[in-house]
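The following features are taken from Swiss-Prot:
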- Lys27, 79-80, 106-107, Lys110, His112, 133-141: 5-phospho-alpha-D-ribose 1-diphosphate binding site (BINDING)
- Thr137, Arg166: orotate binding site (BINDING)
Amino acid sequence: MAETLAHRFTEFLLESNALKFGDFTLKSGRKSPYFINAGAFDDGKKIAALGAFYAEKISQAIVHNTIPRNIDTVFGPAYKGIPLAVSTAIALNAGHNMTVGYTFDRKEKKDHGDGGWMVGTPLTDGMKVLLVDDVMTAGTAVREVIPKLKAEANVEVVGLVLSVDRMEKTKDSDLSAVKAVEAEFGFPVLSIANVREIFDAAAKMKNSDGTPLLSHDIQQRAAAYLEEYGA
């Protein structure tokens, strides 16, 4: 039986040292039994592979009519979204015969040269824009970037693709950040894998010495964490 996209992505996260199990304190103050470090995708091989995973998820979503095929550009919020947008656009072209643009924003507006807030494929009225980002905690980056996109042109945001959905309640709602963004903006938010899929996949994996990758303690703490904070 072929491994699922989520299972293969979990293997990739582990091989890239982007997924760690242990004791971590998040920005929210929550004590988490796992941590995802997007900064681990720090060379050409890893970022190319990551882009291919995003492209595969996008292709699946197109087949299921979750997002349209006629995407004009992939947009990544600065700074972490920049390599995601570029590598995803390359992978869509190389592996899925889709030629799409890539666009990202500047943190500060440029008043000389090409100028403006945006870099890459220019945004024009009527364009279909697909957002890409790594892990959503509260949806802050999305809420900041949507007004910038709309100020640039009357574009249609057709969706957002994340690497991992943490599936956690936000501080002021029982909704997850993903569901809150979907409800607020009306476009689908997809992920290559969600945290439950990651733990299910990791629970079946073994270390090189044959011992389980996830200790019984980590599995118990993961279950307790999702029981308390899961949405």
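For all residues, glycine too, the Cβ spot is worked out from N, Cα and C.
Here Arg166 (orotate binding site) is positioned 15 angstrom away from Thr140 (5-phospho-alpha-D-ribose 1-diphosphate binding site), judged by their C-alpha atoms.
Listed in sequence order, Leu26, Lys27, Ser28, Arg166, Glu168, Ala177 are the same-chain residues six or more apart from Thr137 (orotate binding site) with CB atoms under 8 A from its CB.
Of all Cβ atoms in the shown protein chains, 11 besides its own fall within 10 Å of the Cβ of Thr140 (5-phospho-alpha-D-ribose 1-diphosphate binding site). Comparing the binding-site residues Met136, Ala138 on other C-beta atoms within 10 angstroms of each C-beta gives the minimum for Ala138.
In three-state terms derived from DSSP, Thr140 (5-phospho-alpha-D-ribose 1-diphosphate binding site) belongs to a helical segment. Note on Arg166 (orotate binding site): other Cβ atoms within 10 Å of its Cβ, all shown chains, come to 25.
Sequence-distant neighbours of Asp134 (5-phospho-alpha-D-ribose 1-diphosphate binding site) (same chain, 6+ residues apart, CB-CB distance under 8 A): Ile36, Ala38, Lys80, Gly81, Leu84, Leu162, Ser163, Val164. Scoring each of the binding-site residues (Lys27, Lys80) by how many neighbouring Cβ atoms lie within 10 Å, the top position goes to Lys80.
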